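What follows is a short report on a single structure.
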Amino acid sequence: MERAEAYGFSGAVSGAFLLSCLLFAAVSRRQRGPYMDEVFHVPQAQAYCQGRFLQWDPMITTLPGLYLLSVGVVKPAAWLLGWTGSVVCSVGMLRFINLLFSAGNFYLLYLLLLKIHQKNKAVSGFQRILSSLTLATFPTLYFFTFLYYTDPGSVFFTLFAYLMCLYGNHKTSALLGFCGFMFRQTNIVWTVFCAGNVVAEKLNEAWKTELQKKKDEKISSKKGSFSDLTRILQFLVKYLISPKNLVKLTALTWPYIVLVTVFFVFVFINGGIVVGDRSSHEACLHFPQLFYFLSFTVFFSFPHLLTPTKIRKFLLSLRKHPVQYSIITVISLFLIWKFTYVHKYLLADNRHYTFYVWRKVFQRHELVKYVLVPFYVFAGWTFADTLKSKSIFWILMYFVCLLAVTVPQKLLEFRYFILPFLIYRLNIPFPSIYRQLLELGFYTVVNAVTFNLFLNRTFQWENSDEIQRFMW
């Protein structure tokens, strides 16, 4: 890192942290007590602070990583600073843990951008800092920096594991992946993603060697026609059924294999992936979740995905391949028809944005969900088009992980989209500075509106004296 870039990054991190501290103080003044899921998380952490490690709230569905780490940070800090009484493990103190995670995420995002795009010498230090700042203030993640939720810590350990994987420190990556798993069980998918990075790299090397042997055949390792894709899939099957190749890949990815084995042992002993209350977290094949994620991504990355050039390219592709797009459309309609689920929380809890998205859009008419299919097809095309710089094996691996982390979820919850979105956004080519500034400006507006609603537009339910607030 050059000196000017180092000073610029330090200034950006310091400025963002100072602004977050001011916003943290405002949130803490307005909402002093636990809110929403904090009602479960805060008492559980406080029980751990008091040494009651066998106490467990059955309504909590995640493993105790957040509470264990909180005790590991707060207790030594209280001892060093001489804090006693109610201030130790208070709501504000516990929430502050996530503010530290937020600063850590900023740094990790910068390091990941530096590593992933290290070969692109055209990218300036200013662009890297700007993208890091933008992603660090990604609205759905940034909001939960100020509440005692698992999201900032879950993102921190997953991004850290991904960074170590890219540097080839696979034992450390698997250990950090375990920490991420302790925050949220579905993070095991991103452990598989890290292992998949290693496998995709070896596959790409072998594929290039295969191409060298067949110089007379015009096959692309990045993107190609349907026949090219068929040849790639044939190569993939041939490579993976070779015992020699399997032994080589196992030797490279064994730390991740151990962690995935631990996960399956946990699922077997626990009787499922969810701990505590399982009645509201049942897995199902909710394929439209993929369409919701693509729409979510286009919304938050519109400066890169929703451009006149992209639309023209899509229409040209549509004219060239009408049969393929017709098949995709029919399949999408079928998946929406047979696999759309509506969780009871989505219909009942008017504090979440998803409640209003569902009511204002999908509940207007029963045909709305089908009318949106052309937009989903475009969203899928533009999403894939921005990843064309990655190898076909990386893209296949990412999409498998994306399906695994979204489709089984019955509840439409924007928080479930944070990690797949960030990993996608980290891996697309650097946009122009103008588009980056537009993206940052958009995130700033969304954050400002969100916090204004949360802090100032309170309401009450009938038969309840508690103050309710709007949130993601």
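Backbone N, Cα and C atoms are what each Cβ position is placed from, and that goes for glycine too.
Because TrEMBL annotations are produced automatically, they should be read as predictions rather than curated entries.
In TrEMBL this protein carries:
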type	residues	note
TRANSMEM	6-27	transmembrane segment
TRANSMEM	60-81	transmembrane segment
TRANSMEM	93-114	transmembrane segment
TRANSMEM	126-149	transmembrane segment
TRANSMEM	155-183	transmembrane segment
TRANSMEM	246-269	transmembrane segment
TRANSMEM	289-306	transmembrane segment
TRANSMEM	327-347	transmembrane segment
TRANSMEM	367-384	transmembrane segment
TRANSMEM	391-408	transmembrane segment
TRANSMEM	437-455	transmembrane segment
Based on Cβ pairs under 8 Å, which of the stretches 60-81, 155-183, 437-455 lies most in contact with the transmembrane segment (126-149)?
437-455
Counting Cβ pairs closer than 8 Å to the transmembrane segment (93-114), the top stretch among 60-81, 155-183, 327-347 is 155-183
With the greatest number of Cβ pairs under 8 Å to the transmembrane segment (289-306), the stretch among 246-269, 327-347, 367-384, 437-455 is 367-384
For the transmembrane segment (437-455), the distant same-chain contacts (Cβ-Cβ under 8 Å, at least six residues beyond its ends) come to 23, 26-27, 30, 130, 133-134, 137-139, 142-143, 300-304, 431, 469-472
